[in-house]
Every structure is written in structure tokens, then in C-alpha cells.
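Going by Swiss-Prot, these are the annotated features:
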- 166-173, 191-195, 213-216, 283-286, 314-316: GTP binding site (BINDING)
- S173, T193: Mg(2+) binding site (BINDING)
- 1-159: domain 'Obg' (DOMAIN)
- 160-333: domain 'OBG-type G' (DOMAIN)
- 120-143: region 'Disordered' (REGION)
- 381-406: region 'Disordered' (REGION)
Amino acid sequence: MRFVDEAVITVEAGDGGNGVASFRREKFVPFGGPDGGDGGRGGSIYIQADDDTSTLVDYRYTRKFRAERGKNGAGANCTGRGGEDVVLKVPVGTTIVDTDSGDIIGDLVEDGQRVMVASGGEGGLGNTHFKSSTNRAPRKCTTGTKGEFREIRLELKVLADVGLLGMPNAGKSTFIRAVSAAKPKVADYPFTTMVPNLGVVDADRHRSFVMADIPGLIEGAAEGAGLGIRFLKHLARTRILLHIIDVQPIDGSDPAHNAKAIMNELAKFSPTLAKLPIVLVLNKLDQIAEESREEWCQHILDELQWTGPVFKTSGLLEEGTKEVVYYLMDQIEQQREREVEDPEYAAEVRAFREQLEAETREQTIAAKEAYRAMRKAQRLESMMDDDDDFDDDEDDGDVESIYVRD
């Protein structure tokens with residue numbers, strides 16, 4: 001199934017049914033009085049998180065949703081039936097944004113969590129409500145109110161504890177295959193991974209975390225190179241970034257230069273995202289002779305001036321991967337425990353997350369607009385080039401025809 005992480009839809013709740021003006025008409029009951037019923041309430045529209053849904057692709061093809069109108073009231077004080085509600089299911093991790101105001105309507109992070117995005121109209125009042133001592137036969141009734149109408153944007157960010165970061169073909173997909181049951185496509189060419197992949201990593205019994213593999217970045221991604229920075233937003237909800245470095249790139253490039261390029265692109269996209277804890281993994285050690293591995297790895301670390309945690313692995317042979325898993329599990333558990341025990345730290349984490357969410361959303365929208373502008377400029381340039389092919393100045397091959405009347 002095609003992975004879609006954004007969609008814009010319109011939702012319109014049902015209008016309320018109309019109240020009616022009716023009078024009781026029964027044999028032997030003169031002056032029965034008003035008995036008009038109220039209109040039913042219009043159906044509302046809800047969006048609900050669902051574990052069985054993994055993409056927003058359905059909302060790319062069906063963009064308009066409307067709930068049922070409430071039924072009109074009837075005589076004998078009968079209230080009209082309410083309109084049926086509409087429930088739209090989306091993946092867990094979906095943020096709902098009002099496109100007009102930019103306000104966040106809801107953030108669905110748990111299975112079954114539900115948010116109302118359009119409220120149904122109220123039913124109108126029947127004439128029973130308007131009787132009084134001075135008006136015993138009111139003919140007044142009211143119509144139902146209009147249902148709420150909205151245009152909303154659905155934004156999906158995968159929920160994971162650890163996010164994989166690195167150049168294309170650095171071995172991220174091979175690594176996640178080695179430590180989890182996830183089976184992303186693996187091949188010997190760049191950009192094998194085209195969409196985010198999630199895997200549950202089991203450290204020990206009852207100890208596990210979720211890891212996300214996103215498509216690789218290249219230098220200039222912030223300007224739209226490669227797959228651009230479209231998928232970087234999926235790292236916004238992770239706790240730790242795992243930077244995978246290919247120690248022996250197939251194109252002969254410098255691993256340290258590649259790592260610096262990734263760090264720069266990350267900082268360009270979101271300075272807040274770049275502040276997340278980063279763990280370095282020097283991968284594909286099997287590509288280097290055993291006697292020169294330590295020296296080469298140390299050279300890379302010296303070039304990067306790296307002082308943080310670092311691991312040396314071979315995802316293909318699954319060497320050193322367990323140590324990475326245990327370290328990540330310990331770090332995640334420590335963060336979780338501290339958030340529970342220290343309210344001040346928990347508040348700081350929430351503020352950091354809110355800032356990160358806002359920053360990544362803003363940068364993603366800006367990047368999309370810049371990409372559209374670039375594509376428009378390219379199309380215009382292409383049209384200009386086509387026009388240049390028709391040069392009217394050169395008339396060497398032109399033939400002038402003169403018609404003479406006999």
C-alpha cells in the first residue's frame with residue numbers, strides 16, 4: 001500500500017432538522033393545543049486513531065465528508081431522528097490542523113483516541129415550546145442550525161523511540177532488519193528506502209522499544225536534493241537519534257564528510273531536532289580489513305571531533321548490534337523513569353516537544369512551498385526553451401507564394 005503522510009480534506013456536519021407547527025386533533029378533544037415536535041440533531045464528524053491503519057492514502061482520493069442531516073420533527077410531540085455520526089479512521093500519530101487558522105484541533109497518539117472535528121447542527125424547536133397563557137395556539141417553529149464546515153489537514157508522524165539517520169545506502173535498513181522483525185527492502189543502490197519503516201526491537205523479555213527507519217539524506221536535502229527533507233518530520237517524536245555511518249562508502253566518499261553533511265542538513269531543517277541525543281554507529285566494519293579497522297574508525301571520530309556515545313557494527317553480519325540495542329533500551333528507560341519521578345523535567349520535555357512539533361511543521365510547510373516554486377520555475381524555463389526552438393528571424397528557407405488571377 002502506498003505510504004501517504006499528509007492529506008487535506010473538508011468535513012461538513014449535518015444540519016439540524018426543522019421543528020414543526022402542529023396541533024393535536026382528536027375526536028372529542030376540542031382545542032387540543034400545539035403538539036409540534038423538535039427537529040433531530042445533525043450528525044457530527046469524528047476522527048479516530050486506529051492501530052490497523054498505517055497510511056492516509058484513502059484521504060488522497062476521497063476528500064469530502066458530510067454527515068447526515070437530522071430529520072424534521074412531527075406531530076404528537078415526535079422529535080426527529082438525529083443524523084448518523086461519521087467516524088474517519090487515521091493512523092496513530094496523526095495531527096489534525098485547521099487550515100484556515102493553523103490551530104491544532106487534536107493530536108491522536110493512542111489507539112481509539114477520538115476528536116470531534118465538525119459539530120452537528122442543533123434541531124429546530126416545534127411550536128410546543130412557544131405556547132403561553134396569552135398564546136395558546138402558536139404557529140411559530142424554528143429551523144435547525146447549520147452543521148459546522150471545516151477544511152483540515154491531516155499530518156502523520158510515526159511514533160518511535162529511536163530514529164535512524166544517515167546517508168542513502170549507509171545500512172539503515174539492514175540494521176533495523178538485524179535488530180527487529182521489520183523487513184524493509186534492502187539493495188546495493190541508494191534510496192532503496194522510499195518511505196518510513198517501523199520495527200519493534202526486543203532487548204529482553206518485556207523490554208522493547210520502537211525504531212523508525214526513514215529514507216536517507218544527502219547534502220543539499222534542505223534545498224530539495226534527493227528526497228529532500230520531507231521525511232525528517234518523522235523524527236520529531238523520537239527520543240534518540242541513531243546516526244548510521246558507512247565507514248567504507250561504495251562511491252569512495254569520505255565518511256566524516258558525509259556525517260558532517262547529515263548534521264548540517266538536520267540543523268538547517270530544525271535546530272531543535274538537532275538537539276536530540278545522538279548515538280553514532282560506525283557501520284559496515286566487514287568492508288574493512290580487520291587489522292586496520294580501529295585506526296580507520298578512530299580517524300573518522302577525530303575528523304568529527306566526536307565525544308558522544310559510539311558503537312562499531314556490521315549490520316550484515318549482526319556484529320555489535322546487541323550492544324547498541326541494550327544501550328538504547330537503558331537510555332529510554334532512564335528517560336521514562338525520570339519523567340515520572342521529576343515533574344519539572346517532565347514539563348521541560350513537554351515544552352521541548354511542543355517547540356519541536358511547531359518547528360518541524362513550519363519547516364515542512366516552508367520546504368513544500370519552496371519545492372513547488374522551484375518546480376514552477378523549471379516548467380517555465382522548459383516552456384521558454386521550447387519557444388526558442390522556433391526562430392522566426394531566419395527566413396532562408398521561406399517560400400513566398402504569389403497568386404495571380406487570370
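The backbone N, Cα and C atoms fix where each Cβ goes, glycine too.
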Can you tell me the three-state DSSP label for P215 (GTP binding site)? coil
Protein Cβ atoms within 10 Å of V195 (GTP binding site), excluding its own: 19
Roughly how many angstrom lie between the C-alpha atoms of G166 (GTP binding site) and S173 (Mg(2+) binding site)? 11
Listed in sequence order, residues with CB under 8 A of S314 (GTP binding site) and six or more positions away: N283, K284, L285, D286, G320
Could you check the binding-site residues K172, K284 and say which one's CB has the fewest neighbouring CB atoms inside 10 Å? K284
Confidence over the domain 'OBG-type G' (160-333), expressed as mean pLDDT on the 0 to 100 scale, is 83
Measuring Cα to Cα, how far is P215 (GTP binding site) from S173 (Mg(2+) binding site) in Å? 9
